[in-house]
Amino acid sequence: MTNVSIHPSVDDGVARGGAEDFQGGTLECHCASDKVTVEVSAQTAHNHACGCSKCWKPDGAKFSVVAVVPRDNVKVTAHPEKLKIVDEGATIQRHACTGCGVHLYGRIENKDHAFYGLDFVHTELSKQQGWSAPGFAAFVSSIIETGTPPEQMDGIRTRLTELGLPPYDCLSPALMDALSAHVARKKGLLH
């Protein structure tokens with residue numbers, strides 16, 4: 001086994017599967033008091049380790065762990081006044097706590113985007129067990145943009161593979177197919 005730290009929630013192995021009847025839980029920021037809380041009332045999908053430079057990562061982690069859930073199942077339940085969008089120009093509008101910096105959820109507002117209607121959440125912010133498990137790693141090469149030396153990439157890809165997280169330098173094939181099919185439908189090439 002390769003000794004490379006990916007993310008605290010997967011470094012000791014990925015817990016497989018989520019509870020079939022799991023109906024969500026509460027995400028909490030890291031503030032000591034007056035926590036921002038977000039209720040997620042559904043099971044997540046497409047959970048993955050993400051190496052992009054935009055996603056929130058805990059201290060020392062090379063990757064975030066992030067999943068999607070229908071936006072209608074995401075509701076801020078405490079301290080919405082503490083949330084601020086990190087980058088107004090980004091496709092995913094990441095709502096972060098102004099107190100601790102944790103990203104509570106990300107939302108795509110562009111109705112023409114293939115993933116419109118899905119919110120991005122970090123289930124590690126929840127105390128509840130049963131969330132879907134990470135199944136792949138996306139935007140792996142992007143960790144170089146945040147300071148990882150390129151010569152470490154072979155070891156990182158090896159570690160991701162050992163953890164059962166196939167490494168991609170984009171999204172998983174199923175998600176890339178969904179994006180491409182969305183474009184083809186908009187062009188009238190698919191129905």
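Heads up, the Cβ atoms here are built off N, Cα and C, so glycines get one too.
Swiss-Prot lists Cys29, Cys31, Cys97, Cys100 with the feature Zn(2+) 1 binding site, giving sequence analysis as the kind of evidence. Residues or ranges marked as Zn(2+) 2 binding site in Swiss-Prot: Cys50, Cys52, Cys55. Residues or ranges marked as domain 'CENP-V/GFA' by Swiss-Prot on the basis of sequence analysis: 22-169.
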Item to check | Residue counts (helix, strand, coil, in that order) that DSSP gives for the domain 'CENP-V/GFA' (22-169) | outcome: 29 helix, 49 strand, 70 coil
Item to check | For Cys31 (Zn(2+) 1 binding site): intrachain residues, at least 6 apart, with Cβ closer than 8 Å | outcome: Lys82, Cys97, Gly99, Cys100
Item to check | Set of same-chain residues at least 6 away whose C-beta sits under 8 angstroms from Cys50 (Zn(2+) 2 binding site) | outcome: Phe63, Ser64, Val65, Val66, Ala137, Ala138, Phe139
Checklist entry - Counting only other Cβ atoms and using a 10 Å cut-off, which of the binding-site residues Cys29, Cys55, Cys97, Cys100 scores lowest? => result Cys100
Checklist entry - Excluding Cys29, Cys31, Cys97, Cys100 themselves, which residues in that chain have a Cβ inside 8 Å of the centre of the Cβ atoms defining the Zn(2+) 1 site? => result Glu28, His30, Lys35, Val36, Lys82, Thr98, Gly99, Gly101, Val102
Next on the checklist: I need the neighbours of the Zn(2+) 2 site defined by Cys50, Cys52, Cys55. Which other residues of that chain put their C-beta within 8 angstroms of the C-beta centroid, in sequence order?
Outcome noted: Gly51, Ser53, Lys54, Lys57, Phe63, Ser64, Val66, Ala138, Phe139, Ser142
Item to check | Rounded Cα separation (Å) that holds between Cys55 (Zn(2+) 2 binding site) and Cys29 (Zn(2+) 1 binding site) | outcome: 15
Item to check | Overall pLDDT for the domain 'CENP-V/GFA' (22-169), taken as the rounded mean | outcome: 96
